[in-house]
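Colleague: Not my notes, these are from TrEMBL:
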{"type": "ACT_SITE", "residues": "A:Asp7", "note": "active site"}
{"type": "ACT_SITE", "residues": "A:Glu68", "note": "active site"}
{"type": "ACT_SITE", "residues": "A:Asp141", "note": "active site"}
{"type": "BINDING", "residues": "A:Asp7, A:Asp141", "note": "Mg(2+) 1 binding site"}
{"type": "BINDING", "residues": "A:Glu68", "note": "Mg(2+) 2 binding site"}
{"type": "REGION", "residues": "A:164-191", "note": "region 'Disordered'"}
There are 2 protein chains.
Amino acid sequence: MRVLGVDPGLTRCGVGVVEGVAGRPLTMLGVGVVRTPADADLGHRLVAVEQGLEQWLDEHRPEYVAVERVFSQHNVRTVMGTAQASAVAILCASRRGIPVALHTPSEVKAAVTGSGRADKAQVGAMVTRLLRLDAPPKPADAADALALAICHIWRAPAQNRLQQAVARQASGTPQAPRATARPHASKGRTT
Amino acid sequence: MRVLGVDPGLTRCGVGVVEGVAGRPLTMLGVGVVRTPADADLGHRLVAVEQGLEQWLDEHRPEYVAVERVFSQHNVRTVMGTAQASAVAILCASRRGIPVALHTPSEVKAAVTGSGRADKAQVGAMVTRLLRLDAPPKPADAADALALAICHIWRAPAQNRLQQAVARQASGTPQAPRATARPHASKGRTT
C-alpha cells in the first residue's frame, strides 16, 4: 500500500510518501515540506497548503492519507493553525475518495520507536533506518510525515479495509482499490 | 456591499447574506444552515461543508466573507471541529479571491447589540429588527451568521478597502471590485 503522511502546519506542513506492507521492507517514494509565508494572511496560507498537497496527491496517487491528530490542549498559539492545516489535508484527500486515518503523536512514536514518549531525534533515527536513508530527513516535520505513513502501514490492515469499504460506499465507487486487491501480510506489527 | 457571514461548525454551519452599507437600512438576501451528519467521518463532513458553502458562494457572489474567529480556550470537544469548519470557509472564499474577515464573538455582539456580553436572544432580536424580519432566524447559528455579516458591514469600511487591495495584489486581479467602485457612507457605525 502507498501512504501519504501529513504532519499538518501552516508554516511547515511535512509530507512523506511510503510504500510497502507490514512485515516487509518499506520504500520511501518522496518527502518534503509545503511552506507558507508567516506574514501572509490565513486565507492565502490555506490556499497555498491546498495547492501544495494537491501536487503531492497528483504526483504520488496514495491509497491512504495519514494525518497527525491535533489536540487542543497543545500550545494555544499554534493549535488553531495546525487544526486548520489538518482540515485542508483531510479535505483534499476526502474529496478524492482517499481514506484518511488520524494517528496521535504517541501512536506514531510508539509504532516507529517502540515508545510513545520518544523524542524527535529517535523518531528521525528510526525513520532513517526503516527506510534505509543516508541521513534523517530534514526538517523534523518531514521526518514526522514519513513516521506517520510508516505508522499507518504497520498499524491496521483490518482498519484500512474497513475505511476503504466505508469510503467506497460514501463516494459510490464500486471498484476495489488496489491495496485490497493485492495480497499482503495480515500478521503485521500492530503495537 | 454584499457579505456572506459564516458561523462555522461541523454539525450546523450557519450562513447568512446581507447587503447594504453602514448608516443605511440593510437587506437580508439569504439565511440558512449547512448541516453534516454527526455520525459521518470527519473527511466526509468537511467535504459536505465545502460543497454547501460553494453553493452559497455561487448563488450570492458575496464581495466579502466574514467568519467567526475561533478561540482555542473554548470547549475542547467542539473547538477542533469549529476550527476545521472555519478553515474550509476561509479556504473556499480565498480560493475565489474574496477577502475574508475574522470577527470575534464579542465584536459581533457589540456591533449588533451594543454589548459584547449580549446573549443569543438579544442577538437574535437585534438581527430581526435590523433586517426587518418577521421572526428571529432559527437556529441560532443562522442568526449568528447574519450578525457576523452585519458586524462586517458596520465595522470597517477602511479595513475592507485595505483587504481588497491586498487580495487584488495577491491574486493578480487588477480591476477594482464593485464595493469600492460604488460610493458609500464613510461615517458608518464602527463600535
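From the backbone N, Cα and C atoms, a Cβ is placed for every residue, glycine too.
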Colleague: Considering the active-site residues A:Asp7, A:Glu68, A:Asp141, which residue's Cβ sits among the greatest number of other Cβ atoms within 10 Å?
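Modeller: The largest 10 Å Cβ neighbour count belongs to A:Asp7.
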Colleague: Which three-state DSSP class does A:Asp7 (active site) fall into?
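Modeller: A:Asp7 (active site) sits in a strand per DSSP.
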Colleague: Which whole-number value in Å describes the distance between the Cα atoms of A:Glu68 (active site) and A:Asp141 (active site)?
Modeller: 11
